[in-house]
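For Asp270, the entry in TrEMBL reads active site, proton acceptor. Residues or ranges marked as substrate binding site by TrEMBL: Asn16, Met17, Asp18, Gly44, Lys45, Gly46, Ala47, Asn48, Glu154, Asp270. According to TrEMBL, the feature ATP binding site maps to Asn198, Thr237, Leu238, Gly239, Gly240, Arg241, Gly242, Gly269, Asp270, Asn298. TrEMBL lists Thr266, Thr304, Arg307, Gly309, Ser313 with the feature K(+) binding site. Annotated domain 'Carbohydrate kinase PfkB' per TrEMBL: 7-316, in sequence order.
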Amino acid sequence: MAAPPRKRIAVLGSLNMDLVPYVPHHPLPGETLTSSRFGTAPGGKGANQAAAVGRLSRSPDALADGDVDVAMLGAVGSDPYADVLRSSLASCGVATDGLRVLDGQRTGIAIIIVDEPSGQNRIILSPEANHALVPADFAALPDPRPDLLIMQLEIRLDTVLQALAAAKAASVPVLLNPAPAQTLPLDAYVGLAHLILNETEAAILAGCPESDLDDEPGLQRVASLFLERGVANVVVTLGGRGVYYATKAGKSALVPAHKVDVVETTAAGDTFVGSYALAAVHASPDDFDIDGAVKAANRAAAITVSRRGSQLSIPWKDELE
Ligand code: ADP
């Protein structure tokens with residue numbers, strides 16, 4: 001008997017080149033600073049989440065043999081950064097033929113200034129080609145139709161909302177990671193299969209102070225609000241505290257984070273989303289084991305925070321055991 005076709009995940013979102021100067025302190029107005037070192041890395045929440053799905057579902061020496069097919073939908077410019085980002089995704093097993101290359105435009109850039117003594121970041125995002133994706137591009141979802149569509153909010157909000165509507169019309173479940181947080185129209189939540197957000201995003205979207213998420217009853221109240229708006233599965237990631245989830249079917253739990261030596265937390269949330277998506281795409285809405293999905297994602301993200309780097313610190317499938 002022929003094997004069933006592999007499930008397909010599409011990620012619609014941003015691709016950025018991260019430019020990272022490390023400085024002794026953040027520059028003051030008018031000050032010129034010399035960085036102690038400088039790094040570049042492929043990034044963008046969209047690309048990182050596609051890379052996470054790719055790496056967590058396959059081995060680096062058998063890229064074509066992943067547990068799922070994963071495709072990146074997005075836009076890059078016609079500069080050398082575009083090639084770096086495309087080949088980084090390809091090296092993670094992600095299909096890049098859905099990437100639009102925009103002549104005469106620049107690829108998205110994130111300038112991440114790291115204050116070395118404190119480790120604190122200040123980030124300047126320049127969306128460039130990412131913002132050239134317009135709603136008319138997603139009047140319908142591109143073929144082949146995915147079994148799960150993942151989106152974030154680093155591309156234009158009107159484009160995300162149009163893709164949500166197109167997914168709904170095609171009965172394709174959506175996992176939305178509303179980062180960076182922006183207020184969404186209430187009908188965006190209706191029928192949303194998965195909402196994964198961190199504490200800051202949850203507080204902004206719920207319209208409450210972050211301190212409301214300090215204890216389990218508070219988390220339960222905030223998650224209920226998203227369930228009432230029409231989301232089926234709500235997952236709030238809590239950094240070193242772990243994760244809280246609640247579902248419209250009535251399941252909920254606070255899952256503590258794994259204890260690890262934290263080296264760099266970049267891409268932790270993206271790893272979490274990628275791992276959770278792999279569990280979600282294989283389940284039907286009625287038999288989704290959200291507890292198993294959250295625990296696996298919590299474990300995968302803990303590996304990412306124990307390593308230096310962003311996209312390329314995400315573990316491969318065989319590193320998860
Ligand atoms: P984001 O990076 O989107 O802000 P979080 O900081 O909430 O997201 O982290 C996402 C997930 O990564 C957490 O839910 C947890 O599973 C894992 N994680 C983050 N920080 C730590 C940590 N210090 N120790 C262990 N796991 C962590």
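Glycine residues also receive a Cβ, built from the backbone N, Cα and C atoms like all the rest.
Because TrEMBL annotations are produced automatically, they should be read as predictions rather than curated entries.
Shown on the structure are the features that TrEMBL records.
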| residue | record | Cβ contacts under 8 Å, 6 or more apart |
| --- | --- | --- |
| Asp18 | substrate binding site | Gly39, Thr40, Ala41, Pro42, Gly43, Ala110, Ile112, Ser310 |
| Lys45 | substrate binding site | Gly13, Ser14, Gln152, Glu154, Asn177, Ala179, Asp270 |
| Asn198 | ATP binding site | Ala179, Val236, Thr237, Leu238, Gly239, Gly269 |
| Thr304 | K(+) binding site | Ala267, Ala268, Thr271, Ser313, Ile314, Pro315 |
| Arg307 | K(+) binding site | Val263, Glu264, Ser313 |
| Gly309 | K(+) binding site | Ala41, Glu264, Thr266, Ala267 |
- Spatial neighbours, same chain, of Gly240 (ATP binding site) - Cβ under 8 Å, 6+ residues apart: Ala257, Val262
- Of Thr266, Thr304, Arg307, Ser313, listed as binding-site residues, which ones have a Cβ less than 6 Å away from ligand 1? none
- Task: List the other residues in this chain whose Cβ sits within 8 Å of the Cβ centroid of the substrate site residues Asn16, Met17, Asp18, Gly44, Lys45, Gly46, Ala47, Asn48, Glu154, Asp270, in sequence order.
- Result: Gly13, Ser14, Leu15, Pro42, Gly43, Gly108, Ala110, Gln311
- Message: Highest Cβ count within 10 Å among the binding-site residues Asn16, Ser313: which residue is it?
- Response: Asn16
- Note on the structure: Given the K(+) site Thr266, Thr304, Arg307, Gly309, Ser313, its other Cβ neighbours within 8 Å of the Cβ centroid, in chain order, are Val263, Glu264, Ala267, Ala268, Val305, Arg308, Ser310, Leu312, Ile314
- Message: Using the alpha carbons only, what distance in Å do you get between Ala47 (substrate binding site) and Gly242 (ATP binding site) once rounded?
- Response: 24
- Do you know offhand how many angstrom separate Asn16 (substrate binding site) and Gly242 (ATP binding site) by C-alpha? 27
- Item | Tertiary neighbours of Gly242 (ATP binding site) (same chain, Cβ under 8 Å, six or more apart) | Leu254, Val255, Pro256, Ala257, Asn298
- Could you work out which of the binding-site residues (Ala47, Leu238) has its C-beta surrounded by the smallest number of other C-beta atoms within 10 A? Leu238
- Query: In the structure shown, which of the recorded positions Glu154, Asp270 has the fewest other Cβ atoms within 10 Å?
  - Reply: Glu154
